[in-house]
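The structure appears below as structure tokens.
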């Protein structure tokens, strides 16, 4: 009775408990023992106690109630009347893992515990202090924020029967020294993928833990490096080491007789494959993608191999005969992105089980091996793109009934597209890519038989005839891409039936007739591109119903009528190009009402090029945005308008989400039409607009003040209209403006004297009634001045002879005067340069201890006119450079970048130089190129790589630079094996200061100020004294002013450095350079590359540091630095704070580079550094910077929250 009182009488819910027990007895089968009732009751109490410990959330585990059978609880399963399984995946528990160990692990009959993506935090150590049910054999804690060393896994030693443990996608670190003694494991499954595990000691730890029974082991997506000892897991069937930093020979196995799955992709493995795998008879999956294997493909175990991926290595030679042995078993074969050559052998046709073959991006040649390919009766995906195959495409491909994807793009295929390619009514073809070939003739009507077709790309061929109306029957078609052919006739009305259509791209054809209004029935359309045709009629107002439409390109046609106001209803529109048509009427204000209603990222992942026009009379519009999947960039010469229109720059990339919140259009080109009336003031609300071209119309009235609201505009063209009045002062607030053209209007008054107007050339304001800089006509100072000018004019008219005499005397006076002025100018220049050197270093506001840095609006530093530099460039002949590089031989090649290849060369005078061979920039005329060279050559600073000379022959443009002995910071920092240099902290600090000094010079001491646009560690070179020299700073100038727009596309090859605002506005700024510099500084502090899937997974270096800012921030520092000298930790934190300030997501909050230099000076003032790595008297002088910077040295650079604010 006493026991009963304990259970019932002393509890306020005793009646509920009694009812619960009776309920269980009633429903239990007769054979169930009474103990099961008590056991299930205990399980229920344990679960309810766990719920009670959770944060109070009304929607969390709502049916976990004392009056409910626990076997019906959300996520709970029972066996033999006991809780046996708990699955709370994707439940936002938001608790420490210790609660799990206290309440859930002890459940005595629990077999499986799944808490994937449950927002768990804390460490694993609490498990060691808890009980664990003897039946528990599987724990899944993936996708949480559990931290601590992986050696904490030893805490699960209390779970004696644990067989499977999934800790993937957490924040676990390398194994620590402390491990639970006496812990024994019989784990069969261990998943540690996507954590923060780095270093070289993982495998010794695995051996020490006695994981000898492992069958599944994954450490994918970590930061492991070093060599791998001989692997001794006799039961291992699944091993995934992909996406790490291994740079070593292919691992060897003591016993791989049970190995079935091996993934080593995305590392730097090299060496012999065949001998290591020779005894792996059960191997069915082998992925060696993106490694450094070279030479011939070795013989591989052929008994069971089904999936073989060798993509992205340097395998060479003809198609490997060794693969013929695999034909009985292989299902998927990927040999893409290697250097295979020759013809595809007939033996491939014997691979009867093959479902996927990808041999793209190699050098295979010869006639398309049709007979061989037709033997692949089970093939579903066939990718042969980017090779050199010739010949035609036969009807017989229809004999492959399972074929879903056929990609033959970018070859040299000829003939016609066969009419019988889908003659089998049961065909499954979904993707047909034949772009960038030499096909001629019509598009066959019979393509309508490809009823499953989703994507059709026949662009970049020589197809003729009309677009078949029968294509309208392809109900699943999403992509219809036919641009750059010779298609004629009208756009078929039947396309209205393509209800799934997302992309209709028909540019550069000879299409005529109207734009079908019925296209509005294709409600999923994202991209309509019909430019450079002969279309006529009006723009259908019904297109305004396309709420998903993001890009509408109708330029270079014969379209007439008004711009439909209904286009303002296209709430996702970001790109509107209507240039060079016959549009009339006014610009409708409702066109801009969509501002603030942008949909999210409809075009993410589309490959494109943007080609900037050169602005010549023959070249209309701002440029062309083109879909570019499956096309070789060197084939752009085939674009018909390229010949009369020399493009200044080609940008390529993959479309990114344009906005992460509400925004507006980024491109609007209405130029070369017959538009009338005034500019609607509503246009000023288009905050994210980057390019606005209204030139060559008949617009009139005053330029509205509201255009000052276009805060992100980089290109503004209002030329050749009838605008009157003055240039509105509001335009001076457009700080990102890189190009403006107000010429050929009726504007009057003074050109604004402030930036950015003081950087534009005079012809951008010509043929108006404007005055002031940069025009030669000064503005009159008042009535008196006007009267004087009138009198002078009268006197000149009265005495021609006197005027001539005065002119001669004046000319003589000018000659003598210029000699005197030249002498005085040279003296002043020397004084100015000396003053500049002093100015560029001495100013810094002193700060009190413990104060925080504050950035205020600062005046620009005094600037140097580029003409102040005297030393002329050395002109070299092409023969000189050809001889110096041994004909630009690969042996002389020392690097490659976004602007061209770099060669080491020794000139005849013995001097060693670096020669950059530019990519073709055929849009750059000789005069413009020479002018840019002369300008860039005058930019001299000890932290910039100086341009010594140049050479131009035909289309070739060669630049000669001072040679930097130690190459790039990227190589020295991240590839020590290549350079043999180890950078200690004083050396890294010196590099950080030098790079900042060079960038500050470009931003603040040149007119016009120079934006680097591609600041990164590979553009920081190191001379013989390991002094940092910023390189490639002039390339953006050389490639034209258009680089202030869409430069993010050029930077797509170096992700990790691009500031977030570039993805929104596609333009560059000095604050963007500051962000990129902040990434370089992080590289110096952490020793890590800006992007590395092995280090960061889907994140990058900035995001990784941000995550650590929430915890122990010192973990981000390069451990080698602290091993050498632990006392530098405070100094590293101070420099990290500088980096975080540079990396502020809000570009206006970032410091200028002058302010960055001031921070470094303050750090040095408080740390007593040696003079070899400090800012001295000959560096940047900051005392004239208004507002100043304050920084606390002694005290308190707080970890965590304060740093995260800057990120």
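Here the Cβ of each residue, glycine as well, is placed from N, Cα and C on the backbone.
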Swiss-Prot record, motif 'Cys pair 2', of the ranges 771-779, 780-788, 789-797 the matching one is 771-779
Candidates 724, 890; Swiss-Prot annotation N-linked glycosylation site sits on 724
For Swiss-Prot, the entry transmembrane segment belongs, out of 803-823, 824-844, 845-865, to 803-823
Annotated as N-linked glycosylation site in Swiss-Prot, from the list 584, 1181, is 584
The recorded positions listed are 894, 896, 902, 1014; by CA-CA distance, the one closest to residue 556 (N-linked glycosylation site) is 1014
Looking only at the glycosylation sites 119, 166, 196, 235, 287, residue 896 (ATP binding site) has its closest CA neighbour at 287
On average, residues of the repeat 'LRR 22' (688-711) score a pLDDT of 94
As a whole number of Å, the Cα atom of residue 724 (N-linked glycosylation site) is distant from the Cα atom of residue 902 (ATP binding site) by 50
Secondary structure of the repeat 'LRR 8' (282-304) by DSSP, residue by residue, totals 0 helix, 5 strand, 18 coil
Its Cβ having more other Cβ atoms within 10 Å than any other among the glycosylation sites 166, 363, 584, the winner is 166
Helix, strand and coil residue totals from DSSP for the repeat 'LRR 20' (572-594) stand at 4 helix, 8 strand, 11 coil
For residue 902 (ATP binding site), the closest of the glycosylation sites by C-alpha position, picking from 166, 363, 521, is 363
Long-range Cβ contacts under 8 Å made by the repeat 'LRR 11' (353-375), restricted to residues 6 or more beyond its ends, are 306, 311, 319, 327-346, 381-394, 396-397, 399-400, 402, 407-408, 411, 413
Across all protein chains shown, the glycosylation sites 196, 287, 521, 556 give the max Cβ-within-10 Å count at 556
Check: min Cα-Cα distance from residue 900 (ATP binding site) over glycosylation sites 287, 363, 521 goes to 363
Across all protein chains shown, the binding-site residues 894, 902 give the max Cβ-within-10 Å count at 902
